[in-house]
Amino acid sequence: MMMVNLMFVISVLVTLFSMSNAAFTYDVSKATGLGKPLDGVGGLSGGGCVTRLLPDYDSKWYSQIMDYLFLPGFGASLHILKVEIGGDAQSTDGTEPSHMHTADDENYQRGYEWSTMVEAKRRNPNITLYALSWGFPGWVGEGKKSPWTNSTVRYTMNWLLGAKKYYNLDIDYVGIWNERNWNKGYTLALKAAIVTAGFKTKIVGHDSGWDVCKTLASDSEWAAAVDVVGSHYVGSSIASDCAALNKLQWSSEDMSLDYDTGSLCWARALNQNYVRANLTATIAWDLINSFYDGLPWSGVGILRANEPWSGHYQIGRLLWVSAHWGQFTKAGWSFLKHGSGVGLLDNGGSYVSLTDPTGQQLTIIIETMDRDRSQCAHSSTVHYTTTNQTATFQLDNSFHHVTQLNVFFTDLNIMDVNQAFTYKGIISLNDGKFTLQLPVGVLYTISTINGTKGTYEAPSSQPFPLPYADNFDKHQLSSEASYFSDQTGSWEIVDTASARGKTMRQMVPEATISWCDEAIYPYSIIGNSSWKQPLNVSVDVMIEKSGTAFVALGVSRGGCGTGSPGIVFSINTINNGSWQITDSTKITNPVASERISIVAGTWYTLTLVVLQDHSVVYINGNAVGRCELSASSHSGWAAIGSSWDYVQFDNFRLQLPN
């Protein structure tokens with residue numbers, strides 16, 4: 001017999017009356033040694049621009065969101081934060097700014113990954129930091145359009161040095177190039193530079209597939225430079241030649257599902273990635289859904305926070321699945337051995353047991369996900385069937401000191417997040433054992449450690465505010481303007497040292513070494529992807545030397561690709577100048593145009609008024625053209641854009657037409 005509190009008895013009895021199942025017993029022991037050390041559960045801020053709207057939140061709501069992700073014993077309590085090394089390149093949902101737009105430029109105030117790491121580290125000083133590039137500024141290719149150059153070694157090392165110098169951040173791991181080919185010479189050179197700098201940063205190779213193991217197995221010199229083998233969307237499996245390398249092996253990008261419904265995938269993967277493949281870290285893409293709805297992979301993240309104007313954010317069940325691990329384990333704890341606390345359940349599902357370095361603490365995590373309902377994106381696990389079952393866990397004398405265990409429970413068949421991660425009381429062990437009824441789709445954490453379901457009350461959701469205006473003077477230098485999300489290129493606040501004050505400037509003078517297809521003309525979006533209504537947008541623009549500048553409405557596409565449909569009003573300095581209206585940010589096949597004088601270094605006010613049945617465009621308040629493109633034919637964000645040139649923008653205004 002086991003003794004439990006009343007709440008837990010009621011829960012078990014209700015389950016017992018509703019199911020018929022088989023019974024199995026599983027041993028929990030450290031008498032014959034331990035399994036591999038846990039490296040942790042993590043989230044990925046990057047790949048790309050997924051955290052873009054987070055820094056625009058008021059500090060109160062920003063702090064709450066960070067607590068949910070990183071504060072030990074409150075929410076997810078993540079062990080690992082992986083970030084993108086911004087490269088000015090489109091990397092899924094936008095571009096993250098580089099610390100070196102050009103070879104002679106260095107700026108470590110750009111972007112939001114610095115503050116994300118600082119705030120994570122402030123909440124959990126022991127969090128592991130891991131960085132990886134998705135793309136690179138064009139200059140590092142030294143004219144070859146390839147990053148395997150000495151310039152790229154200098155570029156990456158400068159980022160690591162900047163993290164330490166300006167933020168006192170020690171980066172624990174660095175990758176090579178996300179999901180793209182990698183290079184032995186570059187890996188060896190980077191390793192040597194890290195050692196020379198006196199850093200302890202370890203190299204992950206190579207954030208793609210398990211094929212890396214075959215490469216390293218045949219090249220001992222290359223293998224010696226790599227500390228961790230990282231693969232993506234592994235389906236809880238690993239190539240047979242990886243184990244022989246005797247290196248850490250991680251699922252360095254996984255999940256990629258909705259912040260709530262992705263919880264089933266996450267519950268299964270966290271357990272089975274170790275049970276089936278001995279993977280000691282699993283990292284979710286992405287850390288946070290803090291990018292506009294309408295961009296690729298909308299809704300994906302450990303939590304959702306994409307309304308900085310209202311402060312609204314949403315916690316789903318996926319965060320509380322993370323808490324089942326994060327609050328009851330730490331990096332450096334050890335798994336027990338397979339068959340002695342780690343394994344597959346006989347009727348489907350899995351269990352893992354971990355203990356702290358002293359051997360006094362014990363955490364057991366049990367999941368019974370249905371295989372077909374718990375697949376993660378881009379992957380597929382082996383086939384198995386899960387049915388209702390009864391499981392008894394027998395602790396041996398190596399855990400004789402454990403007499404009581406705390407119980408946290410999530411039934412992932414229930415969509416209500418308020419029912420997730422519920423405390424079920426204390427199990428008092430009898431002869432070192434306890435028994436659970438395990439229906440399909442549940443997650444238990446049984447631990448000597450107690451947890452907490454931290455709670456804050458988020459503000460209610462509100463639509464994007466109209467009218468909206470920004471003259472950019474309130475923003476910090478080198479930052480991105482509130483609510484703008486760069487889709488190609490990189491815009492940042494600069495000081496003109498004139499009466500005009502601060503402006504927003506497109507900073508990337510050439511196409512990047514990109515991770516995916518990029519827009520022909522860089523552009524940055526703002527607002528709502530579902531806007532299908534008359535709108536008026538205007539902005540002051542100044543082309544510094546030569547090129548194109550534009551303002552747009554009805555922009556319906558972001559992410560990878562060569563551009564977006566939209567109603568686009570542009571000016572350029574080509575052959576003394578002209579204006580055009582086009583139906584795409586590619587700025588081809590104008591539906592209306594006229595040659596006029598556009599002088600570099602001169603400010604012009606561009607206004608685009610989109611009505612229900614036509615559009616009108618203005619330069620400096622004077623109507624210059626119209627077309628039949630309209631609110632009836634196009635829907636989407638507002639945007640500004642330019643050629644790959646230095647172009648400044650000021651006095652952005654977005655409103656309903658008069």
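Quick reminder: no glycine exception, Cβ is built from N, Cα and C everywhere.
Here the structure is a predicted model, which means the values were calculated and not measured.
The active site, proton donor/acceptor annotation in TrEMBL covers E179. Residues or ranges marked as active site, nucleophile by TrEMBL: E253. The domain 'Glycosyl hydrolase family 59 catalytic' annotation in TrEMBL covers 38-327. What TrEMBL records for 340-451 is domain 'Glycosyl hydrolase family 59 central'. As annotated by TrEMBL, domain 'Glycosyl hydrolase family 59 C-terminal lectin' applies to 486-654. Here TrEMBL flags 1-22 as signal peptide.
Among the listed active-site residues, namely E179, E253, the Cβ with the most fellow Cβ atoms inside 10 Å is that of E253. Model confidence over the domain 'Glycosyl hydrolase family 59 C-terminal lectin' (486-654) stands at 97, taken as the mean pLDDT rounded to a whole number. Annotated pair the residue listed as 'active site, proton donor/acceptor' and E253 (active site, nucleophile), C-alpha to C-alpha distance, rounded: 10 Å. The domain 'Glycosyl hydrolase family 59 central' (340-451) is not in contact with the domain 'Glycosyl hydrolase family 59 C-terminal lectin' (486-654), judged by fewer than 3 CB-CB distances under 8 Å for residue pairs 6 or more apart in sequence. Sorting each residue of the domain 'Glycosyl hydrolase family 59 central' (340-451) by its DSSP state yields 6 helix, 50 strand, 56 coil.
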